[in-house]
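*Asks:* Before I ask anything, let me first share the structure, which is written out below as structure tokens.
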């Protein structure tokens, strides 16, 4: 039975699927514009995608921009994500830099949730998870497959591996090559929901997989990602359209 996670009065893992909006910007001016544009959008969680910054190689600059986001959205749960190139992100970096950055963000206590890539070395991942939780930050462990959809059993196994590493939220995103692949992801989500003790987040990417972003409440995915001003992953739906569709599915259409 999945237990929920409460972050700034937002309940993750129970009730309606929560909408996260990625904040994508190259510099301070773009970030300011993005924050202005999304402030009245119907989202639940802000995800700061720091890997898109031109200054992504500077921990100090990233901390500065994260503070800007925190100040602009004081009441929204803030998910900090630094997606590396190998998992579909914009910045290639070493494990050493990656974990130094995560440590700095954790110790700043600016984010409420921090994204940690599962396949970054088990010892380092477990240490980062423990450090986050010690500082009152929820650890979201994640994995991304940009070229295929693994079998159902493998998807469930990876989500279980995240939970075994201490994750507060377990996330996997896969790329479908067919409609059957989308069904595989949804079936895996349903199975993982039955087994998991922590909230799970799943999605099938691209246009073919877009339906998975709308079906979380039925199959068990706790968060869906919708674009605010710019997509951060293939197949994201605009936040306003996403909210309207989720409302329609939840309340029923006449």
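A Cβ is built for glycine as well, from the same backbone N, Cα and C atoms used for every other residue.
Annotations per Swiss-Prot:
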- 144: active site, proton donor/acceptor (ACT_SITE)
- 171: active site, schiff-base intermediate with substrate (ACT_SITE)
- 47, 48, 49, 83, 213, 232, 236: 3-dehydroquinate binding site (BINDING)
*Asks:* How big is the Cα-to-Cα gap, in Å, between residue 213 (3-dehydroquinate binding site) and residue 144 (active site, proton donor/acceptor)?
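*Replies:* Answer for this pair: 15 Å between alpha carbons.
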*Asks:* How many other Cβ atoms sit within 10 Å of the Cβ of residue 83 (3-dehydroquinate binding site)?
*Replies:* 21
*Asks:* Any idea what DSSP makes of residue 213 (3-dehydroquinate binding site), helix, strand or coil?
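*Replies:* Once the DSSP labels are grouped into three classes, residue 213 (3-dehydroquinate binding site) ends up as helix.
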*Asks:* Within 10 Å of the Cβ of residue 144 (active site, proton donor/acceptor), how many other Cβ atoms can you find? Include all protein chains, please.
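*Replies:* There are 21 such Cβ atoms around residue 144 (active site, proton donor/acceptor).
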*Asks:* Among all chains shown, work out which of the binding-site residues 48, 236 has the most CB atoms within 10 A of its CB.
*Replies:* 48
*Asks:* In Å, rounded, how far does the Cα of residue 83 (3-dehydroquinate binding site) sit from the Cα of residue 144 (active site, proton donor/acceptor)?
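*Replies:* It is 10 Å, counting Cα to Cα.
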*Asks:* How many Å separate the Cα atoms of residue 171 (active site, schiff-base intermediate with substrate) and the residue listed as 'active site, proton donor/acceptor'?
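*Replies:* Rounded to a whole number, the Cα-Cα distance is 9 Å.
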*Asks:* Looking only at Cβ atoms, how many others are within 10 Å of the one on residue 49 (3-dehydroquinate binding site)?
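*Replies:* By my count, 22.
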*Asks:* Compute the C-alpha separation of residue 49 (3-dehydroquinate binding site) from residue 144 (active site, proton donor/acceptor), stating it in Å without decimals.
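*Replies:* Here the two Cα atoms lie 15 Å apart.
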*Asks:* For residue 236 (3-dehydroquinate binding site), which DSSP three-state class applies?
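*Replies:* SS state of residue 236 (3-dehydroquinate binding site) = coil.
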*Asks:* Calculate the distance in Å between the alpha carbons (Cα) of residue 236 (3-dehydroquinate binding site) and the residue listed as 'active site, proton donor/acceptor', and round it to a whole number.
*Replies:* 15
